[in-house]
Amino acid sequence: MAIIQGFLYVLQPLHFMFLFLGVAGGIIVGAIPGLTASVGIILLLPLVYQLDASTAIVMLCGMFCGAMYGGSISAILLSIPGTPSAAATVLDGYPLSQKGEAGKAIGVATIASATGGIISTFCLIFIAPQLARFALKFGPEEYFALMIFGLTIIASVSGKSLVKGLIAGFFGLLVATVGLDPVTGYARFSFNIPNLMAGFPLLPVLIGLFAISQIFIQLEAVGEKIRHYKQKINKVLPSFKELKRLLPTIIASSFLGTFIGIIPGTGGTIASFLAYNEAKRWSKDPDSFGKGNILGVAAPEAANNSTTGGAMVPLLSLGIPGDVVTAVMLGALLLIGIKPGPFLFREHPEIVNSIFAGMLLANVLILLLGILSVRLFPQVLRTPDAILFPVILTLCFLGAFSLNNSVYDMSVALIFGVIGYIMRKNSFPIAPVVLGVILGPIAEDELGRALIIAHGDWTVLFQSPIAIFFYAISLLSLLYSLKMQFSTCCCSPKKGSWNY
Amino acid sequence: MGKKEILLSIFFIIISMTIYVLTYQFPKQTVALSPKVFPQFVSACLFILSLVLLIQGITGVKKESEQKKVKLALNNIFLLKMLTMIILAFFYTRILMIVGFVVATPPFIAGSMLLFNEKKWFLIVTVSIVATAVLYILFRIVFKIPLPRFNLF
């Protein structure tokens with residue numbers, strides 16, 4: 001059992017401390033409306049960059065899992081989802097909180113999140129190595145087709161306007177073309193500026209687009225709202241009888257969330273709403289949903305945390321992200337020096353095992369921290385924006401600086417912060433930009449390799465059945481997004497809500 | 001959809017056209033993938049999509065009501081704040097290498113707090129000093145990441 005080696009690694013005091021800090025930091029980041037798992041990972045990345053790769057990835061996994069759970073705290077106490085995937089938790093979490101059962105709601109959210117995370121990690125452990133073994137047969141042309149499929153996620157994360165989402169995606173692809181061409185080494189669009197020859201550095205671009213743009217948005221919202229909660233948090237643990245009643249819903253939602261997470265282009269928000277609807281459909285008392293039914297908290301929380309393991313399946317085994325957060329994770333892994341994909345399983349099994357063990361232990365930590373510190377974490381919601389965001393802005397610039405000790409990187413972060421803000425204010429989603437920036441160079445690289453092997457014969461791209469399969473599902477994915485675009489937008493986010 | 005969409009679509013049209021034209025300066029490559037292929041394909045797609053957005057914007061601008069004018073005064077105050085924030089951040093990134101992290105950061109945090117409408121001077125001073133110290137410890141001592149220092153020579 002190779003995973004035992006992973007546990008032995010993660011359970012070393014220093015590594016476990018980093019995991020603990022990652023989970024605790026993730027819960028705090030997730031709880032604060034305005035900060036998401038993506039922002040947390042991006043802010044953490046400069047700090048873990050110099051650590052050993054396994055430790056860094058374990059801490060990032062802790063941040064990922066912690067933030068997915070942390071979103072439920074503000075959803076229950078303030079009726080504001082801390083992360084987009086906690087939106088469904090608001091529906092019953094807040095009414096429960098108003099009834100004086102905030103403690104119970106947070107307790108159940110904690111148990112459901114941890115269970116969902118653990119079940120999905122087991123699925124990850126069983127599915128990912130099999131998929132990676134199959135993907136070892138892939139050549140450059142299959143990888144190119146796979147990256148094309150990865151890029152079709154742009155359509156599904158486009159939000160209200162498909163045209164704007166696609167423009168954002170192609171803008172990201174253009175940004176990625178600046179710098180040395182991966183095949184010939186020719187410096188494109190660099191205008192003889194040495195900094196531009198290396199292209200736009202990924203981390204400052206991510207910091208700008210996700211974190212700095214969010215701070216500008218918060219600046220606009222100054223004086224609009226004050227985050228306060230007055231509810232007492234007590235009676236956290238549900239009774240054994242109640243837990244027994246909740247367990248089937250939690251387990252079913254966990255498997256549903258894992259399955260949704262595996263499908264690229266979906267993510268926690270879709271999973272949590274689907275799980276909520278299923279719990280309501282199967283309930284003996286569906287009318288009580290939306291008025292404070294505890295199953296309405298358990299189902300979405302189990303589902304959104306179970307997408308963490310699900311979304312890691314295509315990321316680790318194929319190297320394509322399942323959603324926005326895993327796209328950022330992909331960027332983070334590449335920066336640390338880990339290239340996800342089937343070769344990771346063959347060449348660095350110790351890293352894969354550390355990820356598996358880290359994610360399992362992260363979810364155990366969520367359970368322990370969530371229950372033991374149930375009154376502590378909500379305190380972060382009392383931190384005024386005027387303190388929080390200036391400090392985060394400083395952290396953004398330090399993060400951009402620290403990777404290369406470069407002022408240029410800080411300027412890139414600032415410029416992309418302004419670009420991200422302008423885009424978000426005009427309803428251009430920024431997630432497609434990130435997907436374009438990350439997947440574009442990989443796709444071009446694989447295309448170049450395939451054409452070199454085939455002596456420039458483009459028909460090689462359409463000769464492999466696996467590649468044709470990926471083109472077909474890419475087309476289906478695009479057609480589905482188009483269909484969704486033209487159908488009624490009943491689930492469109494409210495004004496001022498998330499636009500990632 | 002409206003005037004903003006028109007402006008942004010024109011911006012993206014200009015960008016895509018510029019990129020496409022610039023690719024003609026790239027060297028010709030006969031075998032495998034020429035460095036111009038990918039940027040040309042991407043800029044052509046961006047151009048087509050921006051045209052679609054432009055058409056959507058032109059049809060949408062007629063429907064735009066004049067109600068938004070009321071909001072304009074408020075937006076101007078924010079715009080001024082954001083510009084100040086950008087200028088502040090720009091200067092921070094410039095002086096950081098000259099005066100070092102410990103000197104440059106407290107005024108930057110204090111300035112940002114003022115922009116976030118914080119008026120309590122004691123809080124501003126305390127937070128800017130404490131946050132600088134915490135960030136220094138986190139980066140320099142815990143994670144051993146070098147931070148810009150003041151150098152006389």
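Glycine residues also receive a Cβ, built from the backbone N, Cα and C atoms like all the rest.
TrEMBL annotations: computationally assigned, not manually curated.
According to TrEMBL, the feature domain 'DUF112' maps to A:17-435. According to TrEMBL, the transmembrane segment annotation covers A:16-45, A:57-80, A:105-131, A:165-184, A:196-217, A:250-276, A:315-339, A:351-374, A:386-403, A:415-439, A:460-482.
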Best-packed against the transmembrane segment (A:250-276), counting Cβ pairs under 8 Å over A:57-80, A:105-131, A:351-374, is stretch A:105-131
Excluding the flanking five residues on each side, which residues at least 6 beyond the ends of the transmembrane segment (A:165-184) place their CB within less than 8 Å of a CB in that stretch?
151, 154-155, 157-159, 190, 196-200, 205, 423, 428-438, 440-441, 444-445, 448-449, 452
Count the Cβ pairs between the transmembrane segment (A:415-439) and the transmembrane segment (A:57-80) that lie under 8 angstroms and are 6 or more residues apart in sequence, then report whether there are at least 3.
no
Contact set, same chain, for the transmembrane segment (A:386-403): CB under 8 Å, 6 or more residues outside the stretch
32, 34-35, 42-43, 45-47, 49, 201, 203-204, 207-208, 211-212, 215, 218-219, 222, 335, 409-410, 412-414, 417
Tertiary contacts of the transmembrane segment (A:57-80), defined by C-beta under 8 angstroms and 6+ residue spacing from its ends, are 10, 15, 18-33, 36-37, 40-41, 44-45, 48, 51, 86-87, 89-90, 93-94, 96-97, 102, 105-106, 109-110, 113-114, 117, 227-229, 231, 268, 297, 301, 304-305, 307-308, 325, 329, 332-333, 336, 338, 351, 354-355, 357-359, 362-363, 365-366, 370, 377-378, 381
When you scan the chain for residues with a C-beta under 8 Å from the transmembrane segment (A:460-482), skipping those not six or more beyond its ends, what do you find?
137-139, 141-142, 144-146, 148-149, 151-153, 155-156, 158, 162, 265, 447, 450-451, 453-454
Which of A:16-45, A:315-339, A:351-374 shares the most C-beta pairs under 8 angstroms with the transmembrane segment (A:105-131)?
A:351-374
Are there residues at least six beyond either end of the transmembrane segment (A:351-374) with Cβ under 8 Å to its Cβ atoms? List them, or say none.
2-3, 5-7, 9-11, 16, 19-20, 22-24, 27, 53-54, 57-58, 61-62, 64-66, 69, 103, 106-107, 109-111, 113-114, 117-118, 121-122, 124-125, 128-129, 233, 236-237, 305, 308-309, 312, 316, 338, 344-345
Could you give the mean pLDDT over the domain 'DUF112' (A:17-435), rounded to a whole number?
87
